[in-house]
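As given in Swiss-Prot:
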TRANSMEM  28-48  transmembrane segment
TRANSMEM  140-160  transmembrane segment
TRANSMEM  164-184  transmembrane segment
TRANSMEM  194-214  transmembrane segment
TRANSMEM  246-266  transmembrane segment
TRANSMEM  272-292  transmembrane segment
Amino acid sequence: MQIYPLRLLPNKIDFDFMNFKKVSYTFSIILSLISFIWIGMYKFNFGIDFAGGIVIEVRLDQTPDLPKMRQVLGELGIGEVVLQNFGSERDLSIRFGSSSEDNLMKNIELIKSTLQNNFPYNFEYRKVDFVGPQVGRQLIEAGTMAMLFSFAAIMIYIWVRFEWYFGLGILIALVHDVILALGFMSITKLDFNLSTIAAVLTIIGYSVNDSVVIYDRIRENLRKYHKKGITEIINLSINETLSRTILTVVTTLLANLALVLFGGEAIRSFSVLVFFGIIAGTYSSIFISAPILTIFANKKFEK
């Protein structure tokens, strides 16, 4: 029995993507400017990881229902409340922000009374600590360094595997994706925390993977069609990989949609940002990183 590959599109596609490169450049520049302006005006909604807050360590007499506890505490109206296990399954860390010292004790007592009234557990409160913004600044610096190191590692990989102008194309696309992701976070007021740093790194990896698939086909077609110009080869390569690109993005979005809908508040910022980033990364790999090669490679291939 012969097995046929799954295809969402016909074998022969001849859509002129390169005809839209000026439109896509303009569109991306406008979106990037909007992101910069919005971030400058409204900043980010920093979560407890970066803004600081209160940490309560508590031990229970049995394994708690964490999703239910997150839901109940999230409805108190005191901002982000993060519950995590540490040590055993009966040890909990409860973190939340505090807008001022005046409501500090009030919010601590509110959390304690809410837990006591809604759950049939015995709570042993072991420690209450204040985490200052200095820790948040250190985490921001660590997150920034993680992104810079990922950029550097990706550039080294691309320059070793491809030509230098391929690396520039991917670098521009990645900067574009990160700017749009940060702008999206600022506009939607998603919590900026450690999980969103992980989401940005995930977006970077996804975008690079998409671009490398197209770049591989471009390199292959450059060897195969010596008489064709770089613009025609790029357009051909995008069309040849389009079915794979669409299949990948659809399956990835569907998997991530489950996290958005059912993952709960604990990973909401991560899942929503990754969902947006998959769309942005797919767009940039087709309309930014591939077409922009014509700027750097025209002189080499179209003499």
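In case you wondered, yes, glycine gets a Cβ from its N, Cα and C as well.
Here the structure is a predicted model, which means the values were calculated and not measured.
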Positions on the same chain near the transmembrane segment (28-48), where near means CB under 8 A and six or more residues out: 80, 82, 95-97, 131, 136, 176, 179-180, 182-187, 189-193, 196, 269, 284, 287-288
Most Cβ pairs under 8 Å with the transmembrane segment (164-184), selected from 194-214, 246-266, 272-292: 272-292
Leading stretch by Cβ pairs under 8 Å, where the reference is the transmembrane segment (272-292) and the options are 140-160, 194-214, 246-266: 194-214
Long-range neighbours of the transmembrane segment (194-214), counting only residues six or more past its ends (CB under 8 A): 47, 49, 139, 143, 146-147, 150-151, 154, 158, 161, 169-170, 173-174, 177-178, 181-182, 185, 237-238, 241, 244-245, 248, 252, 267, 269-270, 273-274, 277-278, 280-282, 284-286, 289-290
Other parts of the chain folded back onto the transmembrane segment (140-160), taken as Cβ under 8 Å at six or more residues beyond its ends: 50, 166-167, 170-171, 174, 178, 194, 197, 200-201, 204-205, 208, 212, 215
